[in-house]
Amino acid sequence: MTKKQENETSKELGMDNKKTSGKSGKLKISVSAIRKGEKKTEGKRSNTRRRANNHSNDHSKRRRPAAQDLLKDLKQKQRADEARLDQESKAAKQEYKKSLNKAEASESKPVVKKVESVEKPAETAAEAPKVRGPKILKPSPARLKQNQANSEKPAAKPSSSRRPSSRPSFTEAPMPENKEGRRRKSGKPGRKGQNSYADQGRGANSNRSEQRKRKNKKHQSAPQVKKQVTQRKDRPLPESFEYEVGMNAQDLGKILHREPAEIVKKLFMLGIMINQNLSLDKDTIELLAADYGIEAVEKVHEDISDIDNIFAQEMEESKNSENQVVRPPVVTIMGHVDHGKTTLLDRLRHTRVSEHEAGGITQNIGAYQVRINDRLITFLDTPGHAAFSSMRARGAEITDIVVLIVAADDGVMPQTIEAIDHAKSAGVPIIVAINKMDRPGANPAHVTEQLMQYELIPENYGGSTIFVNISAKTGMGIDELLENIILEADMLELKADPKQKAIGTVVEARLSRGKGPVADVLIQQGTLRVGDPIVVGDTFGRVRTMTNDKGHQVKKATPSMPVEITGLNDVPESADKLVVFADEKTARAVGEARAQQSLQKQRENVQHVTLDNLFDTMKRESMKSVDIVLKADVQGSAEALAQSFQKIDVEGVRVNIIHSGVGAINESDVTLASASNALIIGFNVRPTATAKSQAAQEGVDIRLYSIIYKAIDDVKAAMQGMLEPTYEEKVIGNLTVRETWKVSKIGTIAGAFVDNGYVTRESGIRVIRDGVVKYDGKVASLRRFKDDVKEVKAGFDCGLTIENFNDIKEGDELEAYEMQEVKPS
């Protein structure tokens, strides 16, 4: 074997110098010496590094002043030691090469025994686990041939189970043994924590890596048992299921007892591409249910914020309740203004309410209960003025019977017709009371004929409408009217369930300084108690106090009973529905949700400028407007005033209601009016002391009214005052030119005679020649003889000049005129 082959063989097999005979013993000694030198060198290096690190760490902890100098000296000493050890290592390598050459020269054919490694049975690729570690090289063809040749010889004792190192062969000398025959770790004996491969330059974690390797080998040898995954048993499909729009495959999988992947696959087969988290629409869910052969029912959520729906459900439930009892009828008195509605109510209640009303007219809805013998009747008094149309409509909606008051001496009037229409639209029976029969000019037959034109036919004429002649002032016919009201109520069979949750309707609402938001409510079903959590329109709260129509506080309100309640967070609107909830938390959530919905509707109602309404918008913006901050005592009056102001028709001017509310005029109202240059109108309210002084300082005009038509007239006058003044030409005199003079620096002077009327120094003048207007201008100067005069009347001569005109001739006619302002109608 050549030297080159021997070197290759020794590198591949890792020479076992223990079994080499002859001079190879010297080779073993020299290799061991080299290894000892290297270990010693490596140990010194590691000790030097350790000492340097420990010294550096201790020095940094103690913060000695000369730490940097000591560290520098240690580094220099370490570099010197490393250089010396490198020289010793090179010398040892050279000595080893020389001894190897001598051994080859002395023996013509060195005996090299193959060291066979203990090979484990081959594992299949499927069984062999993946272990992180060094890459194992595939043996070369030369090594395979050598393995076959040596397999015939007796096997040598394996040196190690470690894989051959790729380092030079001189490092493959056997490890030194201790007295017990065990291999001891490299490095200094007795030192703990030294790496077993420190001489090969491995890191501090090599022990851990070796432990992992041994562990992995154990796992390789042990048979691997795969864990069996428990298969999910498919439960049977339900016959039907409830779904919500927006559910995904995971949600449906839980309901249908199927994997989401199966849902996705089935929809894919149906031509619908989805993933597990995609929200599904109604059609997709129903298509999936049809494919499975089951029924899909959409789940309907009840909107608790829809109190109108709750109100209707409660009313329907009360009709089928077993706890129904007879309730008092609700009677609304309607008619034209000054026909005696409130006077009739005063007669029934034995009060004098009409004497205390401003202007003698009712301007809000009043609710009262009157006991007739052993029966209670609830009366609603509605305004008769044209401005209170919405109030009359609300009164007709919550009533059971309408008593239509018509004055016998006045007959059917516009508000009478309107009241008839409201009652018919609400489907409420009408009882006609022809009032003021004590007047000399009373003519009930004429009134009956008028009402028959509106399909109100009396019973004696074959109709079904009850007619009663009364006098609210003297009390004539009042008992007959009450008997007919009770008879009509018995025919209607009015009942209610007092044990259910209360529902009602707001008759009026206002803001009281001492009580806060106050609402007059008519209870229609159930019983309202103090402390009940309620929602009223867009407001919510808990009933704090309840006061009846006589001013007494009560603990509960039964059906058909009008009460004044407090405890709301804001002033509700008239005709808002009242609903009682189980707890205050739910009531608050519903009230806040409704307030948010109302705000959203207001935003949606804002009209945006488009090409279609651009012209109307420009026209509206070019119009002048009267800005008003409106405050009233009750919500119904504020609503009626706002509607009346909007109906005022003055060409070129419109009313802009900046803010409308209830309660006293406060500082915020004055600040708002000052910022927007608006007028404050108060109806049955007064400004606070601070608001009054602030308005005086900022020059804000506050107008206070107690009669609605006076407020309407003043606003109309203000609108007319904002119009540009219009002028009309008026001829005031005629003159004839008798003589002319031309004067330098002055021009032509006309001597004229005033035929009729008069001429002034500020009047306009026209020069007419042969029936044609030659010039239209102004009088420049007017004199009589040598005196300047302001006016010359008919029958007198005068001299005058015309501005910028000198072509005046004898015989010309002069026409004097002036522009007069025309007041808007």
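From the backbone N, Cα and C atoms, a Cβ is placed for every residue, glycine too.
Mapped onto three states, the DSSP output places LYS341 (GTP binding site) in helix. What Swiss-Prot lists as GTP binding site is 335-342, 381-385, 435-438, and the listing cites sequence analysis.
The compositional bias 'Low complexity' feature in Swiss-Prot is assigned to 158-169.
The compositional bias 'Basic residues' feature in Swiss-Prot is assigned to 181-191 (among others).
What Swiss-Prot lists as compositional bias 'Polar residues' is 194-208.
Annotation comment: Swiss-Prot describes 211-220 (among others) as compositional bias 'Basic residues'.
The domain 'tr-type G' annotation in Swiss-Prot covers 326-495.
Across the region 'G2' (360-364), mean pLDDT in this model comes to 41. What Swiss-Prot records for 360-364 is region 'G2', and it gives similarity to another entry as the kind of evidence.
Residues or ranges marked as region 'G3' in Swiss-Prot: 381-384.
What Swiss-Prot lists as region 'G4' is 435-438, and the listing cites similarity to another entry. Note: the region 'G4' (435-438) comprises 0 helix, 1 strand, 3 coil (DSSP; helix = H, G, I, strand = E, B).
Remote same-chain partners of the region 'G4' (435-438), defined as residues 6 or more beyond its termini with a Cβ less than 8 Å from a stretch Cβ, comprise 339-340, 343-344, 405-410, 444, 469-474, 476-477. In the three-state DSSP scheme, GLY335 (GTP binding site) is classed as strand.
Summarising the environment of GLY335 (GTP binding site), the number of other Cβ atoms within 10 Å of its Cβ, over all protein chains shown, is 28.
The Cβ of ASP338 (GTP binding site) has 17 other Cβ atoms within 10 Å, all protein chains considered.
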